[in-house]
Structure formats: structure tokens, C-alpha cells
Amino acid sequence: MVPRLTVILFLTLHLLPGMKSSMVNLINNGYDGIVIAINPSVPEDEKLIQNIKEMVTEASTYLFHATKRRVYFRNVSILIPMTWKSKSEYLMPKQESYDQAEVIVANPYLKHGDDPYTLQYGRCGEKGQYIHFTPNFLLTNNLPIYGSRGRAFVHEWAHLRWGIFDEYNGDQPFYISRRNTIEATRCSTHITGTNVIVKCQGGSCITRPCRRDSQTGLYEAKCTFIPEKSQTARESIMFMQSLHSVTEFCTEKTHNVEAPNLQNKMCNGKSTWDVIMNSTDFQNTSPMTEMNPPTQPTFSLLKSKQRVVCLVLDKSGSMSSEDRLFRMNQAAELFLIQIIEKGSLVGMVTFDSVAEIRNNLTKITDDNVYENITANLPQEANGGTSICRGLKAGFQAIIQSQQSTSGSEIILLTDGEDNEIHSCIEEVKQSGVIIHTIALGPSAAKELETLSDMTGGHRFYANKDINGLTNAFSRISSRSGSITQQTIQLESKALAITEKKWVNGTVPVDSTIGNDTFFVVTWTIKKPEILLQDPKGKKYKTSDFKEDKLNIHSARLRIPGIAETGTWTYSLLNNHASPQILTVTVTTRARSPTTPPVTATAHMSQNTAHYPSPVIVYAQVSQGFLPVLGINVTAIIETEDGHQVTLELWDNGAGADTVKNDGIYSRYFTDYRGNGRYSLKVHAEARNNTARLSLRQPQNKALYIPGYIENGKIILNPPRPEVKDDLAKAEIEDFSRLTSGGSFTVSGAPPGNHPSVLPPNKIIDLEAKFKEDHIQLSWTAPANVLDKGKANSYIIRISKSFLDLQKDFDNATLVNTSSLKPKEAGSDENFEFKPEPFRIENGTNFYIAVQAINEANLTSEVSNIAQAIKFIPMPEDSVPALGTKISAINLAIFALAMILSIV
């Protein structure tokens, strides 16, 4: 038997929280700190707030009983946008913000329906990103479609908080069980119903029983499961929480391990309740003695305020080395001129061993204000490092301007150590301020991340990457949810150019952007000659670029009005007698407040990595809430010593990627080079008209119920709304986006280059089908180490028993794979074999699974289990019109290929 590597080490790491900050705490069985944020584009409506309160109140009781008296909602904040009128009952927010909220209320993009869903793309047990409710869902009666709003909220909360998945499958609504019966994909199998085809015309609908497809053995396309309204089954909330009888999650006893749903695929066939009980929330939480929640939730109404930002910049002696002061000033100038939105209040503090307020808060109204603030950037570096004095001066600059520190932001940049940071931790906690930290160089204080993590701020690290600071400042954009206030970075490139040489480049500007567009060039020795040409041939020269007045070696051009759509071309000439480094940075904003731009965001799966366990790089590329597909996404990770690792990210539903074609691009990272801070940036690029939008409904959502059977009669709900917007286009233009993913910290790694020694990733997309008397298999190739390189060999086993293969893979019949040579990770694998020594007859049912082995003789987890049934299709006119009760259909003579993502 091939030895296996115990994978508990890195699977445990996946259960740690990801990069998104959350202020939610579970204390004495009650959840505190939940934020429900309303998007600024949502019209003011008092009923919306009232319905949110009613939803959460109902959800609290439902959650309490569903978790067997373990948890309930105690304190919830509703964040109201600045676009709404002020009221006396509205309080000032602290660290609460739209971009960090657990729940957002926002309109769908392209009228794509009102299904509540959770953005969730991590592994089993990992928290999701946010829950999305539309105003229409909260304001209209959707009781027949989703059940009550409170129940739908609990369904989504389970996705968000505990990392469990849906127990239905819209793509594969039926499967053939090991008893050779057609079953609806559901949990539990005790939920009863009827299968029908629904046909609607002219406002009326009729139904007929489903027929079996003579080629697959399953029901025909568009066959729909209609549940009985009156049920006795109590499970499961992750299938159909709308049923009155459903009040629990599926347990080990009631779980349907055969169902081809995402819960089985992602959680190795574990029940939802088993995953919930293994969460950190429940490990030290005992059931309460009360039969009902102790209290109803308490709500705080918070109204967003205008943005308040204070720069707290290090000018200690160490900042004079490696051009750090220059680089800091270049990046800070870019932030002040190009990133911070107009109407914001901005202040500046510098510090060494003492601190000085350079600017009290000043409202950004025009270019003169920008110039007045940037004129105070520090020109000399000397003295020691006192971070606490810098922070306290930042608080003072805010308070002296009659503003509250609550909800204000501080951008703290330093390259030095400070042993006294602990002395102001409590003051930082009480201030309510949000601190974004930028560590410059390997000696920056190790406590910086504590400040950003505890206040809900971003964390960044910059070292050898000359654009690292610029990328960090560019990422600190508005947190309000308004698309017009977001700065979008199109280019950030550093170019080492020899003397008297030209370098050329292109930047695509697509039709979703173009407002407030800047081209910025920096240099290390002498200003280069600059040529820039727009898509219509208009040229801009060096004289058009405005040089800064601070001698920080930067020049910028602001494109008047809206930048032309198409490809912009730039050329730079190093006219100095020596080589120098030139940088090009391009930023812009949305073209229209009604059309969301294409955006890219990135983060690591956790803030702290422990060698040799892997971490996952995630990048989300979307337009509004629609995924963008078919593009090249590249991650660049810089280690503490300045070494760069480049990874191509994939959206192929294999390896680190949970779901194919969901706009989430991901990859494992294992190339560790010592301990310390690592930084992440991601470049997303669409060229040659390859990009397209996905108009599919999102994953991880409350099921849209087509109707119910009541007293023997089918009562249909309105059909799910289709995308009807004339602007909905599957194809989108070429574009370029660059974003910083912040930083993460590595521990336990030896010095030098020591990539993790780990097994290949688990295969999760194995498919099988019969071709005459052979079985054809297909899957996505894993790698030598997770998803990097290629595996050494495969183990394929086959059984007639699903449970035997699942529980005792090593003793199932081995398939001869001597002719099978693994391909590079991410490639399509295909293999055909004759299932010997089994006798093959009509109705013979096989289950197959695969393991991959790497060159270190480490084996992957067992793949999902694929099913193949041998059958001879019946003549079309002999196929009976079946489809009444789900449990009554025997398929002994049918065969199909299907994925049962079980293990």
C-alpha cells in the first residue's frame, strides 16, 4: 500500500479566518458586532430598516433552535449611508464600514433577481465574505419563494459563519442512487415531492410528469422537483429552509452522502451539522438552559460620515536609506492627489522620536488644497522612532478639527522598530479609529499588524518592489460602497532602463472607466522623455506632465474630461548617461455612477502562514456582482528578503479553486523563503477579446422554490426572473487592473528556498461514462505539490458498492494504470479502461475514485466518487412518462455518467 501523508496539518490551517476583518464576537452564546450595511445607491426607505430588524429578530429565534439552544443574535448594527438624511437616533460608527460588513443591502447588477446569497469561495469550514440581500427581497413578500426572511438569513449565516454549503444542485437536480432509483438532489431524503415539467405561456402555466431521457437514464432537461408543502422531515436548512417543518441541519444520521451537491463535494461527505460543531464558535459553546433566546436582538443605527484620513508618516533616520523617504513621499503624493476622494477631510502627522502635526484636517475641494498638503511632506529624515507618539498626534489632529476619532482612518507608515507600541494599544482600542499599516522594509515594528487587525484596517508590506508603496496607498480607497469613489489602478510597472534607451508599453482603457485618469512617471536620477498617445492618435509630451515641486522625482498628467476608450501607448527615454529605474502608474475612476466598472480585489486565505502548510491566493474579478471570466490573472508575492514569486491564478474548479467559472481565481502558495512579512499584488488582464461576463445565478444562495403541492394540487410560484437588460453582454472589452492584496506573515520557515513538501491536490471533478464495454474517465490533472508541477502516477480503484469505495478505498479493486502518464497541473486528463474482472450486464453499476502520487511518494486525498452504469437505450416510444413520486423509479437497465462529489 502506498504511504499517505497526514494532511491534518494544512487542512487545519484552512479553518483559520481569511484576510477580511470581522468584528463579530460570540460571547456567552450571543453574537455581537454584526454589521448590516446599506449601499449608498439604495433609496432612503424607513420600511427597509424596520424589515431588517424584523428579519434578524425572527432569525435569532430560528437560529437558537436550529443550533440546539447554542447561539443567537444579540447586538446588530445597521450602517446607513451618507446619502440618507440625518436623524437624531443615528449614532457615529466606529470601525464599522460597508466594505467590511457581514451583510450588504444592494441592488443586483443587470436586474439579476433577488436571490439572497453569500459570497463564499473558501474551503469547507472557512468563513465567507459577505451576505447580499437586495432591497426588493427585504421590501416585498417572498414567503412562498424563499420562506420567511428570517429563515433565509439563517441559511445564509450558515454559509458565512461556518463555511458550509448548499445541499441542492441547480446544475444536477437529480441523480441515481445506489438503489438504482432517481432521487432529487437534497438532504434529507425524507423530504417528499413530485417531479414535473412546467410550461408557461401568456401568464399561465401548466405541468406534466417528467419523462426519463433515453440516453442518460435521468429525467429530461428542465424537470423540476416540487415539494409537498406539508412535511414531517426536520432537515435540512441548507436544502429548503422554506418548508415549515424544516428546523434543523442534517446530522450524520440524516445526511444524504450520495447527493451530488457542493456540501458533499467540499466537505468530504460530512453533514452540515458535523462541520458546524467543529467550528471555533461551537468548540467551547454549550447549550443554554433556556428554551428560548434570552433576549431579542439590540439594534444600533449608525450613519456613515464623510471620510476622515490622517497620514502618520515616519521620518526617522533610517528613512534616509534606500530612497525610502523619496518613495514614501511619491506614494503619499499620489494618494493625496489621485486616491482620496473630494469632500474628504485629510490631515498629516510626521514622527521620529517626537511627533509633529503638519496639517490639521483640511477638506479636499480642489487642486490647491492638494498642493498645500503635499507641500508639507517631510524633506529630511533623522531621529528615532516613536510610533505611539505619531498615533497620538494623529488623534490630536483629528480632534482639534472638531472631528471624532470614531470611524476616522489613520494611514501609519514606518520602517523602524519601537518597543513601546504596547503602551498605546488600549488608547487605540478606545479611539474607534481604523488604522491601515504600511511596513517599509524588514525592520519595521512587528506589532504593526496588531494595530491594523484590531481596528479593521488594511495591512501592507513594501521592500524591494519600488512600486510597493504606491500599490499600498492605491489600495486604501473609499470604504463606503460607492462605485464613483473607488480608485482603480490600471498600471504599476517598474522598468530598469539602460542609458539612452527607449521603453514602450500599452494600457487599455475600457468603457466602464475613464473619469479622473492620471498617468504618473517617476525616476531615480533624471526625468525621462515621455511620449503618450491616446487611442485616437492625440499625443502628450514631457511638457504636458506636471512635475512635483518637492524634488521627489515624479511627474503626472491628468487627462481632461473622460479618457478615450481603447489602447493608450506610452514611450519613455532614459536620457541620462547611466541606467536608472523608471515607474509608470495609471489610475482612474468609474465612467458612470450607474454602470459599475470591472474591479479586481485580492487576498490570502489567512493573515498568518505556518511552514510547511500552504496558503491560498484569491483574486476576485467582477463587474458589479457579475463574475468576469476568460482572463489572465497573475499574482506576484514578494518575500521579506525581496525575492518575488509569480503565480498564474486559475478559475478551473480544481486544486485551490472551489467552483469553476465563478470569477474567483486562486492558487496554492508553498514557495517559502524564510520567515517574516510577505506582500501580495495581483494583475488581471483581458486581451484579444477573451473576457466575458457570467450571467449565471450565484452559488451559495437560498433556493428559489418553484412551487408546492398542497392537498394534492400543484401551486406554482412565479418563474424565476431572467436577465432582460439590453445592456447585458456576455463579452466585455479588453482591460487591465492591478491591486494590492496586502501582506501576510510567515513563521516556522527555515532560511533560504524551502518549498513545502506536500502531496498533490485532491481531484474534485472526476467524471465517468461507459463507451461500449469500456469506462472513460476525465478529470483535471493535479500536481507534484498541490497544484504546482505534475504528479508522478495515479491510483484508480473501482467498486460496485458506493459505501465500500468511500469507506475502504485501499481495498477496492485496483485498475491497471501503467499506460497513464500524468500531465502538467491544470491539464485535462483522460483515461479509458475495461472494468475487469467484473461481469458487465445491462444495469451494471460502477463507482470509481482516483488518488495522485508525487515523486516523494506522497498521495493525495481520494477524489470525488464518479458513477458509471452500463445500459442499452430503449426505443424512444417505449420510455414511460414517469415522474410522480421520487422514490418509485427503478433504473436497473439504465446507465449514465455523473459526478457524485462525495469524498
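Placed from the backbone N, Cα and C atoms, the Cβ positions cover glycine too.
Pulled from Swiss-Prot, these are the features on record:
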ACT_SITE  Glu156  active site
BINDING   His155, His159, Asp166  Zn(2+) binding site
DOMAIN    308-476  domain 'VWFA'
CARBOHYD  Asn360  N-linked glycosylation site
CARBOHYD  Asn372  N-linked glycosylation site
CARBOHYD  Asn504  N-linked glycosylation site
CARBOHYD  Asn842  N-linked glycosylation site
REGION    45-199  region 'Metalloprotease domain'
SIGNAL    1-21  signal peptide
TRANSMEM  883-903  transmembrane segment
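Features per Swiss-Prot, on structure.
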residue : record                      : Cβ neighbours (10 Å)
His155  : Zn(2+) binding site         : 32
Glu156  : active site                 : 25
His159  : Zn(2+) binding site         : 24
Asp166  : Zn(2+) binding site         : 26
Asn360  : N-linked glycosylation site : 19
Asn372  : N-linked glycosylation site : 12
Asn504  : N-linked glycosylation site : 9
Asn842  : N-linked glycosylation site : 12
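Listed in chain order, the residues near the Zn(2+) site other than His155, His159, Asp166 are Thr118, Glu156, Ala158, Ile164, Phe165, Ile237, Met238, Asn700, Lys701, Ala702, each with its Cβ within 8 Å of the site Cβ centroid. Closest to Asn504 (N-linked glycosylation site) in space, going by CA atoms and restricting to the recorded positions Glu156, His159, Asn360, is Asn360. Of all the glycosylation sites in the list Asn360, Asn372, Asn842, the shortest Cα-Cα distance to His155 (Zn(2+) binding site) is found for Asn842.
On the 0 to 100 pLDDT scale, the domain 'VWFA' (308-476) averages 94 in the predicted structure.
When secondary structure is read from DSSP and collapsed to three states, His155 (Zn(2+) binding site) falls in the helix class.
Reduced to three states, the DSSP call for Asn372 (N-linked glycosylation site) is helix.
When Cα-Cα distances from His159 (Zn(2+) binding site) are compared across the glycosylation sites Asn360, Asn372, Asn842, the shortest belongs to Asn842. In the three-state DSSP scheme, Asn842 (N-linked glycosylation site) is classed as coil. Cα of Asn842 (N-linked glycosylation site) to Cα of Asp166 (Zn(2+) binding site): a distance of 34 Å.
Annotated pair Asn372 (N-linked glycosylation site) and Asn360 (N-linked glycosylation site), C-alpha to C-alpha distance, rounded: 12 Å. The residue listed as 'active site' sits 44 Å from Asn360 (N-linked glycosylation site), counting Cα to Cα. When the alpha carbons of Asp166 (Zn(2+) binding site) and Asn360 (N-linked glycosylation site) are compared, the span between them is 51 angstrom.
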